[in-house]
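What TrEMBL records for 20-245 is domain 'MacB-like periplasmic core'. Look at TrEMBL and you will find 21-43, 292-314, 339-366, 386-410, 431-455, 686-712, 739-757, 769-792 tagged as transmembrane segment. Residues or ranges marked as domain 'ABC3 transporter permease C-terminal' by TrEMBL: 298-414, 691-800.
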Amino acid sequence: MVLNYFKSSLRYLYRNKMFTALNILGLSIGLSACIVISGVVYYEFSFDRKLPDRENIYRVVSDFVYEGRESLNGGVTKPLPEAIRAQVAGIKRVVPVFVQHLNTAEVSGGDQTKKIEEPEDIVSTDNTYFSMVPYHWIAGNSRAALSKPDAVVLTQSRAKEYFPGVDLLSLIGKTILYNDTLKKEVSGVVKDLEGPTSFTGKEFFAIPLKTYSATEWATTNGDNKLYIQLNPHTDRGIVSDRINRILKNKWNVFKDEPFWRTTKVSNRLIAFDDLHFTPDISEGVHKASREVMYGLILIGVFLLLLASINYINLSTAQIWQRTREFGVRKTLGSGRLRLIGHVLTETFLITLLALCLSFLFSKLIFFALKNIIPEGAEQYLDPGSISLFIAAVLILVPLIAGSYPAYLITRVNPLRIIRNHMLLPRSSSLGLRKGLIIFQFCVAQIFIVCTFIAASQIRYLMKKDPGFNREAVLLVEVPWKLRWKEQYKSKQFSLINELRNVQGITDVSLGDPPLTDGYSSSLFSYTDSRGKKAEGQLYRKVADTSYLNLYKIQLIAGRNLIPADTAKEMLINETAVKHFGFKSAEDAVGKMLDDGGKKLTIAGVVKDFHSQSFYNNIVPVSILMEKQDLATFNIKLSTEETGNWQTTIESIRKKWSQFYPSHYFDYKFYDQHLESIYKQERNISLLINLACIISVVISCLGLFGLAALTAFQRTKEIGIRKVMGATTIEVVQMLSKDFMKLVLIAIALGSPVAWYVTNKWLEGFAYRVPVQLWVFCAAAATAITIASLTVSSQAIRAARARPVDSLRNE
């Protein structure tokens, strides 16, 4: 019986090629988007899934609150782990993971010596780390591997990099020399962790035992990470309170210092499941957002619903042409369940074919979006990795899309069918189809509006005047590890003199880019002549004397900085003038600000410019000349010689190689720098664009099929109207007006939802485009135009048909 269902279903699908193709295409487009989304979502939620007892593991982070602004730091003070072990109960493991930054690693083997510059992914920890994280040991063991202070454990990939072709079991006891003086002995080799992971360490040192000073208790570094594993049923809140009590006691000695008076500092426990989705402290290859993931899931559900609605619409429209077939089946003894089974089999076959095609489409989507889809997500696009998703699709989609058509079939009256040959659809069926079309175009209208708003906001962010001239500026950063090497110290000052003589360069400056995604700040204070004290956090920019001229930052009072090795004076912006209560920019010049005991004179005041992304308002800024921190080249290229820019850049590369021969010359234009700051927004905009295109295509496929069916059902009516003198335009209007009414209703329903969604998104920006009426009008015009073209293509074809052909059998 089942085989018969498949045979008859295949015959029917083959006979009705156009509607079969429309159904398969619509479903496959929706499914392909869902496959890509499910792959990305599955990847993001797969980080460290194999970690035992993960529900009891927490990351200890530092929380700073100043003037109502909260800032998370993923690190802790170095002495904290030992203090927690000694003073806090209910904790199974305390696991410190301190990132190490080393210049070289030297490995000797036979007659050859291999030297690795700037080895990455090196951490200091202890044996508790390997008790918490499930590494498979190739050599050595977790209990004793880091018991000695000179021990180092390597991952399999790092061991093969350092000792190519050597048996891993024989590596125990081998020595590695770091920074030319630090000798370590290999005590273990572990397999690399499988799957997405937040633990990216490749080399593990033992943490040396030491006594920490009071100052080290006051220093928080993002590289000093700390995990704790609680005993089952231990109250997380109680543990957090005890940790903060330890810190409060240690920090009490600093209570009179300016920073500790104005900034509230505490430690917080972040659940391990939340780590990957906490942007300020997320680990691994990239940052993720749980809100974005939920948004993607919602988009996927909507697209799959649209595709299923397409099938329901086309299937119910076709049923009234198939009533004779099902009437005969009923007359010959087919019962209710057999008819339902037949319809569901057809739906299953279409879903199966669409699913096969969707894997091809998903590969194309992944290729088109490879710059924004996480690299590791591709492995989750194959059928084996998303087998549960495939099973759910093959079960749920036929049930959702096939249930209503199957229900209509069971209500067929064989006697009426045989007498009348074909029945007209019931009003309830027509009402459902109209409702489904409205829903499809309502979703499409929401996506179109969101596309316009997102594109406008991104364009606004990129075009808005930041308060400085960024045109034709090239950024080249000296790797921070080189800044402290003796052989590279001060080389940037020699290089900048060479660059000033390169043809095609109009100006060069050393300093922080004016607008960045990170920041450094210090607490400054000012005491006026009456003894009244004002304090405030100033965001720090280091720059040389060419900085203002290169970026055309206007100096509105005072003078520019004078060259100096250490900062003795500073520039501030207009917002800082207001913050400290100075009467005017001129009044601020010459005043002294206190930076933790160091006095700095205000040499000048600059016009406000944006130092952070447009998520934030303009903040108080200080510009200082700290010679040792000047490490970013800001190179202004000639705007009159744009055709020679590549030649100029090649000249810069050659100069760079003379001063930093072993380090790659990496540069980017300032506009590229801005694009990287707004990368997430651009990615969201691109995803909305894609979702918009898919939703419109799916909606139009359904509309196209229904228009074709409507034209077929009204063939004789059209023939009679043409005989009576109706023009082609009048016939097209007759066939199109009902569909256009549905599209207009969808626009009216979708626009308020789109307004709410876009406003919620824009609330995150301090500077944003207004949501104006023209956006909704443009979106409505787009939807109406696309729908009109879709319906008109079938309407014109029906209107041009010869009346004699449609009336021949009357």
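One-based numbering along the chain as shown.
Cβ atoms here come from the backbone N, Cα and C positions, even for glycine.
Curation plays no part in TrEMBL annotations; they are all automatic predictions.
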- Task: Would you mind splitting the domain 'ABC3 transporter permease C-terminal' (691-800) into helix, strand and coil residue counts from DSSP?
- Result: 94 helix, 0 strand, 16 coil
- Can we call the transmembrane segment (21-43) and the transmembrane segment (769-792) in contact, meaning three or more C-beta pairs below 8 angstroms at a sequence separation of 6+? no
- Note the mean pLDDT of the domain 'ABC3 transporter permease C-terminal' (691-800), expressed as a whole number. 83
- Query: In terms of Cβ proximity under 8 Å, which residues at least six beyond the ends of the transmembrane segment (739-757) contact it?
  - Reply: 434, 437-446, 448-450, 703, 706-707, 771, 776, 779-780, 783-784, 787-788, 791
- Considering the transmembrane segment (292-314), which listed stretch of 339-366, 386-410, 431-455, 769-792 counts the most C-beta pairs under 8 Å: 431-455
- Intrachain residues whose Cβ lies under 8 Å of the transmembrane segment (386-410), provided they are six or more past its termini: 27, 31, 34-35, 38-39, 42, 304, 308, 311-312, 315-316, 319, 326, 336, 339-340, 342-344, 346-348, 351-352, 355, 380, 429, 432
